[in-house]
């Protein structure tokens, strides 16, 4: 079946409505100030790279994160970390969704079943 004119107009309108903001809009927006953790990493990354040339960045981040836990700049120092939620198993149904309930069998179905048993 051929598309009607209203479908294409609707799709075009939807694309425009869902379009991302332009680059001009992003340039006007001020940048967010770096967090205490960001500043800590910036300060310690240079030192770590000089001490460990050629080491992977992943290793640097893990060591700097350990230093951050006990750093005086850390506002959460000495507090217990928040408990993590357990990961959902792939393929398992989500608890928030409700299953559709099947309607109870009609009285006609019961009568039909009783008649065939006799």
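Backbone N, Cα and C atoms are what each Cβ position is placed from, and that goes for glycine too.
Note that the coordinates shown come from a computational prediction; the quantities given were computed from them, not determined experimentally.
Summarising the annotation, TrEMBL assigns DNA-binding region to 30-81. Per TrEMBL, the feature compositional bias 'Low complexity' maps to 1-12. Under the heading compositional bias 'Basic and acidic residues', TrEMBL lists 22-31, 70-83. Residues annotated as compositional bias 'Polar residues' in TrEMBL: 108-118. What TrEMBL records for 30-81 is domain 'HMG box'. Taken from TrEMBL, the feature region 'Disordered' applies to 1-38, 66-118.
Averaged across the DNA-binding region (30-81), pLDDT in this predicted model comes to 88.
Tertiary neighbourhood of the compositional bias 'Basic and acidic residues' (70-83): same-chain residues 36-37, 39-40, selected by CB-CB distance under 8 Å and a gap of 6+ residues from either end.
Here the compositional bias 'Basic and acidic residues' (70-83) is broken down by DSSP into helix, strand and coil counts: 0 helix, 0 strand, 14 coil.
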